[in-house]
């Protein structure tokens, strides 16, 4: 599983910038770290990725797409937990003012020290254990590692300040008054949760179902580095699959049962040793309990299929299970789809079981029911604690406040009702808080008792399985995995993009300038447009070899060349990017061959598809 050398990575990133796949934003003003612009080929590749993602997930699973605003009110993200918990730990150089993200600085330093030939075996083992478990470290634990290993500023060796917590959301205000505090969203998921009732209605009240969103999210990175991998504004695609908490099976699980996936479990990581992931089928992983349920397993398998289809190397991918103290505040289990690049393992997809966290907290905060009502085939008895108010005395005592107090009482959990019942039995009264005021209630006003009712409807808050994709990171990993250098010429790099993801499918060029060529160019262009094949005309005066090299750097899989023979017999050459092999045929046959390879996966094999065309000796 060889990785790119630093020189190869420099060559990759030079190619990406030279061919304007991307460039630093506001570059002529000096740029801003963590912000990038996609150029034409980058945009087209991103468009292809989104289209394939929609086909693979939204269309295949009949998902309901939602598109919400990037601006999110403070209350929403306070309720979701992001205001308090969407943080990283950082340290500052008091002399230079430079900030570092603590866990990244530790990783960078310890990896460098592990390369030292004089490091003793015990220190090596300790450092390797830290590196395999650091994602789950708390702030104080990171601080201890910084002190124990005497980690200073990597550039100046200055002693750094103690760690501090930093919230990663961009804060703003909505409206001229500036009184409505808001943030740029850190995820697209909240818009899906808040629209749950509407989505449920569209799905005719039935569970399970899934919604999906594709859009920009924001993260105010402490010290963005590694190019497109760690940025402050990024494109996400998120799925929220709503499921009955008592039944997390999946109707299509048998279709992926035998999908073999590399899994790095929590147990392997906690062993403290550098471990390779274990390859097993998703069926085995679910049956053994390593993966919590069928629905989570189903989406992990589908994610694996998708990533391999778009050009990710199967030997450089794994699912890594979060450690207990690493999981997000909303998750009960989570597996990260990680891709190995020249920068190391990069988290690109998160598959999390969010349980009922989000719907529960938003329902509690707003007083709006976010539940599913399921009609029972057989009614069931339910015994529970209930609170009943004496309407006559309650209304006369509290007047306009009566309904508000009654609403607060109705939201008491079973544990709260038991506690209040005990207080009522012991003291003859209990208190509760309503809008910041203490309200005293006695047995003449309320009764708390056990009550048995016959239920015809089961009402519950659904659980959520969430696959979340960082599309920008995936795009960089495609670049990393698809970049190759010609064996006979180290200066000639090219991208071996799969046909479906390639930004430009065909480039059309001429061997030289000739009065007869423009009409043929026009004919070929019209034929390609008619078949909806994205192409580019290269009519520059440069040599044919340089034209091939330039379009190889754009990852264009096919090249059509018009030459003097074309004028005589209407034949052209068709060149394949990876092998540089060429065949010759009529314009109609060549375009038909390209169309077949692009639009029919079973016909994508070069030898099979070009069987009727004449090989060209180079």
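First residue shown is number 1, and so on along the chain.
For all residues, glycine too, the Cβ spot is worked out from N, Cα and C.
All protein chains shown were included, and the count of other CB atoms within 10 Å of the CB of residue 238 (glycine binding site) stands at 23. Under DSSP, residue 238 (glycine binding site) is assigned to a strand (E or B) in the three-state scheme. Residues or ranges marked as glycine binding site in Swiss-Prot (evidence: similarity to another entry): 187, 238, 466, 467, 468.
Here Swiss-Prot flags 219, 220, 221, 230, 231, 347, 348, 473 as ATP binding site. Annotation note: residue 230 (ATP binding site) sits in a coil segment as assigned by DSSP. In this view, residue 230 (ATP binding site) is surrounded by 21 other Cβ atoms within 10 Å of its Cβ, with every protein chain counted.
For the glycine site listed in the record, the two most distant Cα atoms among 187, 238, 466, 467, 468 lie 12 Å apart.
Here the candidates are the binding-site residues 219, 220, 231. The one whose C-alpha lies nearest to that of residue 466 (glycine binding site) is 219. Overall, the recorded ATP-binding residues 219, 220, 221, 230, 231, 347, 348, 473 cover a maximum inter-Cα distance of 18 Å.
Put simply, 468 is the one of the binding-site residues 187, 238, 467, 468 whose Cα lies nearest to the Cα of residue 348 (ATP binding site). Comparing Cα positions, residue 467 (glycine binding site) lies closest to 347 out of the binding-site residues 230, 231, 347, 473. Residue 187 (glycine binding site) and residue 221 (ATP binding site) are 14 Å apart (CA-CA, integer value). Listed in chain order, the residues near the glycine site other than 187, 238, 466, 467, 468 are 188, 189, 236, 237, 239, 240, 350, 352, 469, each with its Cβ within 8 Å of the site Cβ centroid.
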